[in-house]
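Pulled from TrEMBL:
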DOMAIN    2-159  domain 'Arginosuccinate synthase-like N-terminal'
BINDING   Ala6, Tyr7, Ser8, Gly9, Gly10, Leu11, Asp12, Thr13, Ser14, Gly114  ATP binding site
BINDING   Tyr84, Asn120, Arg124, Ser170, Ser179, Glu255, Tyr267  L-citrulline binding site
BINDING   Thr116, Asn120, Asp121  L-aspartate binding site
DOMAIN    169-387  domain 'Arginosuccinate synthase C-terminal'
Amino acid sequence: MKVALAYSGGLDTSVCIPLLKERYGVDEVISVVVDVGQPVEDLERANRLGEEIADHHIVIDAKEEFVEDYIFPLIKANGNYEGYVLGTAIARPLIAKKVAEVAFREKADAVAHGCTGKGNDQLRFEAVFRAMGLKVIAPMRELGLKRSEEIEYAIKKGLKINVGKDTPWSIDENLWSRSIEGGMLEDPAFIPPEEIFAWTKSPEDAPDSPLILKITFEEGVPVALDGEALRGYDLIVRLNMIAGEHGVGRTDIIEDRVLGLKARENYEHPAATVLLSAHRDLEQIVLTRNELRFKMSVDAAWSELAYQGLVLDPLYDDLLAFIDETQKRVSGDVTVKLYKGSLQVLGRYARTALYREDWVSFDTAVEIDPADAGGFSKFHGLQARLYRSSI
Ligand code: ARG
């Protein structure tokens, strides 16, 4: 039997390799690393280990696709689940698709992942794997090994994993966000130590002078920083550094997992904070009130599906079709100020803005005659008057 394994180079997915052979009778394990912008050291370690312990190792660069087909739609949809920018969530289906493609190409009998039975990631991977008609093996969930047992097993198998140096935290990182959980953080009252953060400075250590930055959007996606045109991936990498330096983009939330468990999650996502705030602001000036109200519920429905990893549900594309239509007018510039952990929008410009200075101004009178509002005013709140006169 041949299996394609979604591989990260971490402890869980590494012990999966010998476990698949010993406990599931697998003859050939193909480890598949999908690059969605995780740190280079992690990728290098994964490739080194994969080459060494798997029968066949494959690396797939999916960074461009991650940005174009997952992060850009997320920005257009103002992606947000209970305050989470959906970084881990949005990457899982892409990783699953890439692993599935390898499985088909290599004529594997099944696919495998290293997720445990308590989280969302197992659901996200498997929803895609099963929709693509693949058989799934989940050794970590099925064998229920404790972390200490895993470490013992890894040592017995001679896997060169630097467990000793491992932090107590479980970290998942890609271009869009860094998720930190586990260890002492499982006590929701425990105050996160500074050491869990890698992308953001603490506001106290951030520069004393603010940074003012202009972000340009075209049809809902960011295309330039301070007038310099950048490809999506480079723009996000750069913005993560700039905003992280100013301490922008930390979140500490209690999150409702799909299974119903409440979990304490810490996240870092400097670029996401800037881009989502700026994008929302730009929508506010170009979309109508009706569009904004309706889109808010569409965005929430999209975010819910994205969180659950249900990107193959037809509703996911249905919602995106609506969202894309609205984004045709979402082009323009937003100026933001980054200062010691805070982000403030200072100004915005859009050619297609519905804002008319001469219409709204206190000082000029054009097109509309304020006196016309007199009749409107008499009807406004009519039902409250009816109600009050009835009691
Ligand atoms: N709670 C987040 C989610 O469900 C992050 C999960 C992070 N995974 C991890 N192995 N640390 O998307």
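Cβ coordinates are placed from backbone N, Cα and C, and glycine is handled just like the others.
Where the annotation comes from TrEMBL, it is an automatic prediction and has not been curated.
Per the record's binding annotation for L-citrulline, residues Tyr84, Asn120, Arg124, Ser170, Ser179, Glu255, Tyr267 show a top Cα-Cα distance of 19 Å. Using a 10 Å radius centred on the Cβ of Thr116 (L-aspartate binding site) and all shown protein chains, the other Cβ atoms total 15.
Neighbouring residues of the recorded ATP site, listed in sequence order and excluding Ala6, Tyr7, Ser8, Gly9, Gly10, Leu11, Asp12, Thr13, Ser14, Gly114, comprise Cys16, Ala46 (Cβ within 8 Å of the Cβ centroid). Around the Cβ of Gly10 (ATP binding site), a 10 Å sphere holds 19 further Cβ atoms from the protein chains shown. Following the DSSP three-state reduction, the secondary structure of Asp121 (L-aspartate binding site) is helix. Checking the binding-site residues (Ala6, Ser8, Arg124, Ser179) against Thr116 (L-aspartate binding site) with a 10 Å Cα-Cα cut-off leaves nothing. Same-chain neighbours of the L-aspartate site beyond Thr116, Asn120, Asp121, judged by a C-beta within 8 angstroms of the site's C-beta center, are, in sequence order, Cys115, Lys118, Gly119, Gln122, Leu123, Arg124. In the three-state DSSP classification, Ala6 (ATP binding site) falls within a strand. DSSP classifies Asp12 (ATP binding site) as helix under the three-state reduction. Applying an 8 A CB threshold to same-chain residues 6+ apart, the list for Ser170 (L-citrulline binding site) reads Ile180, Glu181, Gly182, Gly183. Ser179 (L-citrulline binding site) and Asp121 (L-aspartate binding site) have their C-alpha atoms 13 Å apart, to the nearest angstrom.
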